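Peer 1: This is the feature table in TrEMBL:
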- B:28-92: domain 'RNA polymerase sigma-70 region 2' (DOMAIN)
- B:125-176: domain 'RNA polymerase sigma factor 70 region 4 type 2' (DOMAIN)
Amino acid sequence: MDYRFFEPEDFAADDNFQHWILHPDQQSENFWTEWLREHPDKVHTVRKAEWIVRNITFKESWSASERADIWSNIQQGIAAEETPVVPLWRRFQWFAAASVLVVAAAVCLYMFRFKSVEIHTAYGEMKEVKLADGSLVKLNANSTLRYDRNFLDKAIREIWIDGEGYFDVAKREVKGKRVPFLVHANTLEIQVLGTAFNVNNRHGKVDVALEHGSVKITDEKDQNQAILLKPGEKASRISQKAEIVKQQVQIEEYTSWKNNVILFKRKSLTDIAVMMKDMYNLDVVIDNTELAGETFTGSFPTDSAEVFFKKLEKMYPMQISKDGNTYHLK
Amino acid sequence: MQLSEPNDEETLQWSRLRNGEQHALAYFYEKYADVLLKYGLSVSYHRELIQDCVQELFIQIWNRRQNLSTPRSVKYYLISSLRRIIMDELGRGRLATDSFPEDSLSLLEHESQDREEMEENLNSRLIHAVRSLPARQQEVVFLRYFERMSYDDISSLTGLDYQVLRNTIHRSIKTLHKELSLTLDLLMIIFLSVTL
């Protein structure tokens, strides 16, 4: 190899040169020291090449929380796959063969008659829905979840939500291919990449708060509007025409309800009034207009909105009176 | 990367993994999570995607543990498996590749810099320049200069033949050198006047 006409990049890309820098040994050391002595005018060039080769580095590393998230997702993934399948049919082959026909006929009839499943919660009610793929959806009060009965047989797992739900999505593979999970909220599509998050879709406004994992949110009508969420981030869109906005949030504020606690941090009484209507069908009328701008920080159990009003009464100089389903704040 | 040297600890942990001991999986995760991130970002600069793929990788290894043989190098095995998963994901066109954030490093130059400052500045510019290379070049640069992998191993990992691989490396280094050229010249003049 004639190194006399080499530029720094030629040295840096040369096998022997790389070997000298990356895996130095006596032989290469001898060769290059000798060569440099014979070509002192190339010292500059060689040092430049050496500097580049030595200093190429990659700095990225996982943050502690990312590291922990990934590991917990791995463990979840493992647990999901490990559920033992007991080959019962081996023991009851004949019986099984006969029942398969009967069941298959029944299933066909059933599927023919009911194409999609709809689950609804009443005011003040919560439900936990376990989907056929092992994913869990906790449905908040006054909310509806809808999916195709043959949800599992499709290339994409798709589900529609009105109201509020907390999703803990299980990974699913068919023949080594991952099956995507897609949540529709209004016209937004939330593409799930193995994860847990909260969706609130009420009055045309959609809020998606991500606990761990990652999701991609796109607008059905405008695929260019897409946002990727990291844990602790929330995406919201106030109406179909508005842009999707991303912000950092305290995730507990959005997901605490699934543990039967409603958590407010500096939430305006006007916002709380809307929520009371959505979840409990309670009308909150703020008679004293000065109160409308006040905020509330605190918590109350989901099964007792009463506690909230008691706390509120202690915090602010106000009188709360109840008339049927209506609370008046004065 | 010491691919050829057998690593006793890894061999032991690998056989534990095959026997279904989860802490052995944790051992490899702890050891290689960061390298896999750096490598993954060289293939596609998309942190969420790589996170997802790394998860997938370890879940797959666990599920197939009974059919696994002991790899010559666990690190090589992890890197090549991660590559396959990322390629599958990208091939599905599910996600476009994000580019490296341009504003993540300021490229300001000052006239009155001492050598240390200048070298530091140059270092961060090099990091930036590497991340600005096309993905294929970043990948090869990562494997060759950071992981110090042999050409043979890089060839079998990426499917590039030797000549293409060398050209790719040459092209990458040329770009890097061009990015840094002026400051590097200055640095060398100072450098050489001190050391020689």
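In case you wondered, yes, glycine gets a Cβ from its N, Cα and C as well.
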Peer 1: Quick one: DSSP breakdown of the domain 'RNA polymerase sigma factor 70 region 4 type 2' (B:125-176) into helix, strand and coil?
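Peer 2: Counting residues per DSSP class in the domain 'RNA polymerase sigma factor 70 region 4 type 2' (B:125-176), I get 42 helix, 0 strand, 10 coil.
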Peer 1: Kindly state the mean pLDDT of the domain 'RNA polymerase sigma factor 70 region 4 type 2' (B:125-176) in the predicted structure.
Peer 2: 91
Peer 1: Let's see if you can do this one: DSSP helix, strand and coil counts over the domain 'RNA polymerase sigma-70 region 2' (B:28-92), in that order.
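Peer 2: Counting residues by DSSP class gives 54 helix, 0 strand, 11 coil.
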